[in-house]
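Inspection log for the structure reproduced underneath, given as structure tokens.
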2 protein chains.
Amino acid sequence: MVDKYASWVPSSGVFPKGFKVGSIATNVKKNGELDLGIIYNTHQHPPESSLTSTAAAVFTTNRFQAAPILISKHVLEATGGKGIDTIVINSGCANAVTGEAGNQDAKELVEHINRKTSKANSTLMMSTGVIGQRLSVDKISNGIDRLFEENNVSFGDAFESWLNLAKAITTTDTFPKLTSGEFTLSNGVSYRLVGVAKGAGMICPNMATMLGFIGCDLPIASSALQNIVRYAVDRSFNCISVDGDMSTNDTVYMVSNGAVETDVIEEGSTDFYKVRDQVVAFSQQLARLIVRDGEGATKFVSITVKDALTFEDAKIIARSISNSMLVKCALNGGDANWGRFLCAIGYAQLQNVQSLDLEKISVSLVGSEEEEPSKLDLVLNGVPELQLDEEKATELITRDDIKIMVSLGTGVEECTFWTCDLSHEYININADYRT
Amino acid sequence: MVDKYASWVPSSGVFPKGFKVGSIATNVKKNGELDLGIIYNTHQHPPESSLTSTAAAVFTTNRFQAAPILISKHVLEATGGKGIDTIVINSGCANAVTGEAGNQDAKELVEHINRKTSKANSTLMMSTGVIGQRLSVDKISNGIDRLFEENNVSFGDAFESWLNLAKAITTTDTFPKLTSGEFTLSNGVSYRLVGVAKGAGMICPNMATMLGFIGCDLPIASSALQNIVRYAVDRSFNCISVDGDMSTNDTVYMVSNGAVETDVIEEGSTDFYKVRDQVVAFSQQLARLIVRDGEGATKFVSITVKDALTFEDAKIIARSISNSMLVKCALNGGDANWGRFLCAIGYAQLQNVQSLDLEKISVSLVGSEEEEPSKLDLVLNGVPELQLDEEKATELITRDDIKIMVSLGTGVEECTFWTCDLSHEYININADYRT
């Protein structure tokens with residue numbers, strides 16, 4: 001077994017200016033581990049400036065949305081995403097299916113923080129953990145008090161503080177998910193991004209599949225930021241499949257505080273797309289970490305559908321393959337079972353029937369993401385490779401990292417999904433989790 | 001473990017008049033078991049009559065449709081379903097993803113039978129088994145010759161012949177699926193129905209999830225029969241979920257030969273609906289047998305979504321719960337995990353947003369299909385049952401047969417799905433099937 005912690009958790013980082021983070025154990029998690037984290041923007045623009053920190057969000061489309069989502073949506077609507085300075089995240093209790101009482105609990109905590117920071121409508125919340133249980137408002141507000149006491153001494157802006165935050169938001173994760181980096185725009189100035197996430201396949205009642213936060217020190221309008229986050233989520237967190245289930249708490253927030261005081265990035269400019277590419281890459285990195293931490297996963301599998309008529313149909317096909325239990329079993333068993341890939345392609349509910357031409361489709365195996373030259377065709381232009389090199393196929397598909405490439409031959413669009421295999425361990429984890 | 005064969009295979013039956021069936025081992029299946037079956041209608045109406053046997057069909061919507069489907073569709077189009085007298089079914093080779101050569105193979109066999117019965121355009125075909133392999137036309141046409149030699153002496157119309165046919169069409173099934181019965185219409189005359197099916201979750205390359213045949217001795221027009229079969233399939237074979245995958249070969253045929261020479265059943269008449277109810281019940285019986293034979297299944301689970309705004313949305317929700325890997329794991333582990341049920345309801349892609357009102361939904365457990373009075377509410381009008389009788393919940397959900405009831409409270413429509421749990425054995429069967 002790979003040591004996932006050693007392989008995937010960084011040991012240093014470079015973080016956006018102006019953000020401070022603090023984490024604490026409130027005893028909501030019964031094992032005494034960190035279970036409350038706060039991300040706090042300390043950079044304030046002068047009162048005469050029209051600039052503020054800006055926030056954007058993408059929430060689960062599950063009809064049962066948890067209380068922290070409902071409350072945070074109100075805050076975003078009231079502010080248009082301007083002036084969001086604090087993100088509070090608790091783990092151990094999802095505050096989901098808790099009705100109006102649960103909404104009041106979330107609201108009380110959010111307003112408690114607003115009082116601490118002396119700024120109304122500046123806090124968003126995320127929760128993850130057991131559903132159907134009320135939040136311990138006392139424990140959490142006590143934790144908030146302790147974090148903010150003595151001039152915020154518990155907050156830090158260095159690697160250790162961010163790593164603790166990443167730990168504080170985990171539930172069944174086997175490792176914290178943290179990434180950070182620097183990029184330069186056309187003005188020659190460098191900016192920094194940080195990303196944290198939690199997720200390891202959905203466990204109900206510890207049901208939140210994933211939470212994510214991305215922070216940046218760029219000045220940018222909320223509407224532009226919202227476009228970037230929506231675009232990035234569609235190509236990252238919405239392109240992973242551990243078990244195909246979707247939770248009540250899934251949330252991704254991005255906050256950009258403009259602590260590097262350059263001109264505001266204009267939507268549609270070259271720099272806007274550069275930033276978008278950075279956020280996509282960051283989101284994909286975090287998304288891949290969630291798949292690597294998939295419950296019971298023994299394989300990390302990239303499924304790229306290319307030469308497609310539309311991005312949407314490329315995604316629908318990639319998702320169909322990624323979610324197929326039979327494909328996941330074949331991957332677990334190291335079986336290059338192209339028939340199952342074709343099946344899943346064939347029953348994908350495409351938006352445009354012309355996206356799929358049975359005589360143009362090719363399916364190949366590639367050793368890993370980096371090794372495209374070593375690809376082995378399983379099906380070429382709709383015809384199965386009868387003289388298949390089974391030995392090579394087995395060698396490729398029994399690796400820890402697998403890449404499956406589907407070429408539709410009907411266009412130029414492309415989408416990559418990341419998935420994992422279905423193992424006995426997944427069933428062990430999920431068969432009697434609650435009891 | 002339940003002895004599935006003893007529990008679910010009948011030991012006698014009453015079959016529609018005029019049908020004869022024959023089965024034989026052609027050595028396509030390497031273990032020498034029965035692998036070719038023919039259902040043959042011997043009842044011929046007088047030449048001056050406009051009556052003929054009639055056929056209807058429902059095929060997989062997978063874009064990769066196998067050769068027997070393409071060929072049979074041509075026959076149905078050419079004849080309008082009139083005069084179909086023979087169904088030929090082979091197991092061991094699915095004749096799927098075999099291109100134009102595969103189509104020619106299927107066509108050759110169908111025409112070979114038409115010559116034997118001296119009647120053009122009277123044969124439909126179904127195949128199930130390994131994909132990507134050519135059909136052994138020689139072995140199968142030799143088998144056909146042997147069945148039809150010596151005045152069709154190998155054909156029979158009694159229980160043993162039908163049971164052998166049900167065996168001949170199986171692949172990974174652990175028991176043959178056969179059912180038969182009698183019903184009476186308003187004219188006081190009794191008619192007979194027979195149903196056979198194969199299926200046990202989709203195995204690729206033995207990929208045909210299911211094949212089904214229903215025979216009847218009623219006189220009825222093809223168009224009326226097509227409506228009945230479409231309606232019945234929507235409420236039976238399309239309401240089962242073993243693993244959510246769908247194959248290239250899925251086919252259900254119904255043939256009614258009018259051997260009981262009464263008036264033709266008029267579409268829309270009281271008797272038409274009586275017949276439809278019979279066919280629905282038969283199809284559901286066969287569909288449930290396929291779930292009972294689900295790969296690795298240890299539980300048989302009915303999921304009824306009632307009080308729904310539309311049948312379609314009831315079905316979408318029932319399917320969403322049935323296909324959820326997390327629900328299947330909870331069922332396997334005997335965990336009354338209502339949070340997972342709600343999750344799957346919440347992410348169902350409904351056609352009408354008003355079908356789901358979070359404050360009206362109730363979820364209950366019922367001991368078995370017959371035991372509605374013993375139901376235990378898990379969620380009532382959107383509120384989780386906080387004082388849940390966990391002991392009773394565990395007692396109900398650890399039974400072999402489980403019923404989950406969801407009331408949406410938004411209408412009067414209802415749909416039932418049948419599913420099974422996800423077990424270690426499923427992974428064992430599917431992890432290295434091909435190699």
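Just so it is clear, glycine is given a Cβ too, placed from its N, Cα and C backbone atoms.
According to TrEMBL, the feature substrate binding site maps to A:Thr171, A:Lys198, A:Thr209, A:Glu295, A:Asn430, A:Thr435. What TrEMBL records for A:Thr209 is active site, nucleophile.
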Least surrounded among the binding-site residues, given as A:Thr171, A:Thr209, when other CB atoms within 10 Å are counted: A:Thr171
In three-state DSSP terms, the structure that A:Thr171 (substrate binding site) belongs to: coil
Local Cβ density at A:Lys198 (substrate binding site) - other Cβ atoms counted within 10 Å: 28
Secondary-structure category, per DSSP, in which A:Thr209 (substrate binding site) falls: coil
For A:Glu295 (substrate binding site), the three-state class that DSSP assigns: coil
